[in-house]
Amino acid sequence: MEDFLLFLKVFGAIFRIFSIFHFLAILVSTLIGLLTLNTFEFIYALVFFITGAILYIGGFLLENKINIPLEKLKVKHHIVISAIALAWLIMPFISGIIYFLTGLSLIDSYFESMSAWTTTGFTMYSNLESLPYSVKFWRSFEQWIGGIGIVAFLVYLLSDNKILYHIVKFEGREELFEGTMEHSIKEIFKIYAVLTFFGASFLSFTGMDVFTSVNLSMTALATGGMIPFSFLNLTISQKIIIIVLMILGATSFLFHYKVFFQGNRRFIRVYEPLRWMILFITVVSILGYFSSGIDILDSIFHTVSAMTCTGFSYLNLLNMNESYIFGLILLMIFGGAVGSTSGAVKIDRIIILFKGIKKYIRNISRSAKEVVVETYINKEIDNEDILNAGMYFFLYVLILMISSIAFTLYTKNFLHSLFEVASAMGNVGLSLGFISNQMPLVYKLLFIFLMWGGRIEYFVVIAFLYSMFKR
């Protein structure tokens, strides 16, 4: 009973913090309404107020009426896991109310919101141009929030540090910076806000309107990929800026902090994820250029979009050569760096696995006195690191294969199914055209699960389910 009450207390804190995002959306909707003189924008501002008030009041009551010290979280990590996992399921439902009011069905609204919160980018809308500006902004804002991590926002805003470490730990960001966890999350928020501002500014300088610039900057850095219109029509300079933003979004906040804020340029040389990402992007971009006959910049753009798990696209990928499609699938499985807004397995795990194989081969051929050591970002890789990376990769591929086989019943093509499922699991959003509001309900539910599990990571999903069923 005490565990359940403690869970409710933590969940109440999450509710309360979520309400702040809805209240911020009120300001944006009101401003848009005043600028466009559109009364419907004020109606959406009212909806944000109602949902925000429900979240805040409910969260406040749960957080303050349950008198259990949060110090108990130090020895009850399963409660934090459960709160995070369930929050990622419930919050998209509440936030999806705004989509329901635009005419989407309840399940499509939930799908749209889950896609946004998990920074995936799939959409159930067939005509984005008809949406009110408030709804377009909310889709991008959801991705921006999801990109930095709901948990990171909670850590930054919550005043009680007792809960901070455990929540952020399961987001994979517990060792980003030196100093206290609260200081670290403040630095994350600062970096994210500054990069978003400069991204929007540079896009505006190219002639893009301010609203679109802000939306694309938010979703590029969040590696989310949602856009405020149905087709992405970009100039060469805009493509280059967005490519840079996507790579920055898929690079660890630790890298940004050390290089841009501390001025530690030497860290660029030891930061391996960026080098490996550039290597994979180069190889697959060349493959796309020669195999599919597309412009080299277009090939780079879509390859970066896949590698960083962003999902921006303006080409019909179904017309691409199958070798290029398979290359994109691999990149969507690998993903960006740990501690970034990117999803998928994470390039860090892939690097550790490669080095683990290298270490194993060297151990076989070494002399009796030789000590084999492999390092990653100047730290020695031990067998536990390799085992953890290998177990997660195996679990990830297992879920990928099972889900792809199941989805083949709908697509009638395994490679196409593999592409769509890899995109969902990696929170990418690239699609060959099979993800739409015309999908059968069972597949919409499958992809909601894949997006949810991909964002919080499947080990956390298993831990959550175990903690639920063991009761």
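Note that Cβ sites are derived from N, Cα and C of the backbone, with glycine treated the same way.
Curation plays no part in TrEMBL annotations; they are all automatic predictions.
Record features, source TrEMBL:
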{"type": "TRANSMEM", "residues": "12-36", "note": "transmembrane segment"}
{"type": "TRANSMEM", "residues": "42-62", "note": "transmembrane segment"}
{"type": "TRANSMEM", "residues": "83-107", "note": "transmembrane segment"}
{"type": "TRANSMEM", "residues": "141-159", "note": "transmembrane segment"}
{"type": "TRANSMEM", "residues": "191-211", "note": "transmembrane segment"}
{"type": "TRANSMEM", "residues": "231-255", "note": "transmembrane segment"}
{"type": "TRANSMEM", "residues": "276-294", "note": "transmembrane segment"}
{"type": "TRANSMEM", "residues": "324-345", "note": "transmembrane segment"}
{"type": "TRANSMEM", "residues": "389-410", "note": "transmembrane segment"}
{"type": "TRANSMEM", "residues": "441-466", "note": "transmembrane segment"}
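Here the transmembrane segment (389-410) has long-range neighbours at 333, 345, 348-350, 352-353, 356, 417-418, 420-422, 425, 434, 439-440, 443, 446, 450, 453, 457-459, 462, meaning same-chain residues at least 6 beyond its ends whose C-beta is under 8 angstroms from one of its own.
Residues 133, 136-137, 144, 147-148, 217-218, 220-221, 228, 235, 237-238, 241-242, 245, 248, 253, 256-257, 260-261 of the same chain sit 6 or more residues outside the transmembrane segment (191-211) yet have a Cβ under 8 Å from a Cβ within it. Beyond the ends of the transmembrane segment (324-345), by six or more residues, the same chain brings 118-120, 147-149, 172-173, 176, 221-224, 249-255, 273-274, 277, 280-281, 283-284, 287-288, 291-292, 299, 302-303, 306-309, 317, 392-393, 396-397, 400, 415, 418-419, 422-423, 425-428, 430, 432, 454-455 to within a C-beta distance below 8 angstroms of the stretch. Beyond the transmembrane segment (83-107), the same-chain residues lying 6 or more positions past its ends with a Cβ under 8 Å from any Cβ of the stretch are 7, 10-11, 14, 18, 22, 44, 47-48, 51, 54-55, 113-114, 116-118, 124-125, 131-132, 134-135, 138, 142, 150-151, 167, 170-171, 437, 441, 444-445, 452, 455-456, 460-461, 464. The list of residues near the transmembrane segment (441-466) in space but at least 6 beyond its ends in sequence, with Cβ under 8 angstroms from a Cβ of it, reads 78, 81-82, 84-86, 88-89, 107-108, 110-111, 114-115, 117-120, 122, 146, 170, 172, 343-344, 392, 395-396, 399, 403, 406-407, 410, 420-421, 424-427, 435.
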